[in-house]
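Scroll down for the structure; my scribbles are underneath it.
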Amino acid sequence: MATFSNAPLDLRRLLQKLVIMFSFSIICVSILYFLLGCCEPDLVDSSQNSPLGWYNKTVLREILTAPDYVADDGVDGNSSGKDWTASRRLPDALIIGVKKGGTRALLEFLRLHPDVRALGSEPHFFDRHYMRGLGWYRSMMPKALNGQIVMEKTPRYFVSPETPGRIHAMSRDIKLIVVVRDPITRAISDYTQIISKTPDIPSFASLTFKNRSMGQIDSLWSPLYIGLYARHLERWLAYFPLSQIHFVHGERLISDPAGELGRVQDFLGLQRIITDKHFYFNKTKGFPCLKKPEGSSKPHCLGKTKGRTHPKIDPEVIQKLREFYQPHNLKFYQMAGMDFGWQ
């Protein structure tokens with residue numbers, strides 16, 4: 001009877017233990033849920049408060065704003081909707097001349113700017129390959145982001161009669177850059193390049209004159225014809241206002257490259273990023289070089305074909321050329337609105 005009478009008591013104790021265990025389990029689960037709910041915002045916001053999170057955001061911002069960054073198609077680099085996809089498009093600016101004026105140096109200097117995308121070779125589209133069409137020309141251009149300036153250089157454009165009209169048909173708003181230097185020095189430099197390829201040609205003096213005894217200059221000889229800047233500029237002004245043409249002083253590009261590059265950047269609507277800290281003067285070559293361009297551990301000068309030693313020219317020939325070019329230079333100064341000071 002004792003065993004039977006204690007059975008209900010044992011059952012009640014068991015139920016009490018189960019209730020206590022169940023209640024304790026509920027309390028533990030509630031505490032765990034509470035802890036997880038409180039910690040979750042910290043986990044989400046930890047990138048904002050920790051140094052590592054700040055670093056990740058900083059790196060991401062630098063990547064997205066880097067000039068060469070290209071996002072996948074359809075991905076916005078930021079909430080403003082700016083297009084971060086690079087594409088090929090027709091140029092916004094052209095270096096149209098002149099040959100042996102310093103166009104290669106100018107192009108290399110401009111390529112330092114993160115907002116300039118320039119074709120390295122000379123496409124000669126408007127003077128030689130125009131029949132290939134604008135689609136072919138566009139395919140030659142480097143890929144660029146929205147906001148970057150696409151450009152190319154072909155010095156022969158300035159002296160080609162058909163080029164101004166063709167460029168105008170492509171774009172009425174394009175910006176044109178012309179590097180000019182003393183036409184006599186330019187002609188001698190041109191001749192120096194010619195004899196480096198064909199050393200058996202006649203002397204500079206004999207090619208300069210139609211008739212030396214009469215002092216008649218052969219203005220149609222290419223090295224001299226290119227220097228008739230006023231004649232060539234007249235064709236360009238028939239299509240473009242002077243405000244769309246910027247003249248780079250070739251001599252100052254050597255003596256003060258940062259100053260000339262500053263004015264070119266202003267003309268292109270670019271921030272002045274290229275400054276005197278990017279240049280040093282190479283006494284051997286006689287012109288400025290770049291101090292350790294981006295991606296290189298060594299200074300960069302133009303190739304061996306630049307800075308050749310000029311042949312000595314008879315002073316009498318130089319004087320005759322000065323007399324010949326003087327009225328042309330004065331007319332060019334007036335047209336360009338600049339006095340280049342060539343004697």
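Including glycine, each Cβ sits where the backbone N, Cα and C put it.
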Cysteine from CYS39, CYS289 that TrEMBL links to CYS301 by a disulfide bond: CYS289
Fewest-neighbour residue among recorded positions, criterion Cβ within 10 Å, set LYS100, ARG104: ARG104
Confidence summary for the domain 'Sulfotransferase' (91-330), mean pLDDT rounded: 92
Spatial neighbour of THR309 (3'-phosphoadenylyl sulfate binding site) that is closest, considering only the recorded positions LYS100, CYS289, CYS301 and their CA atoms: LYS100
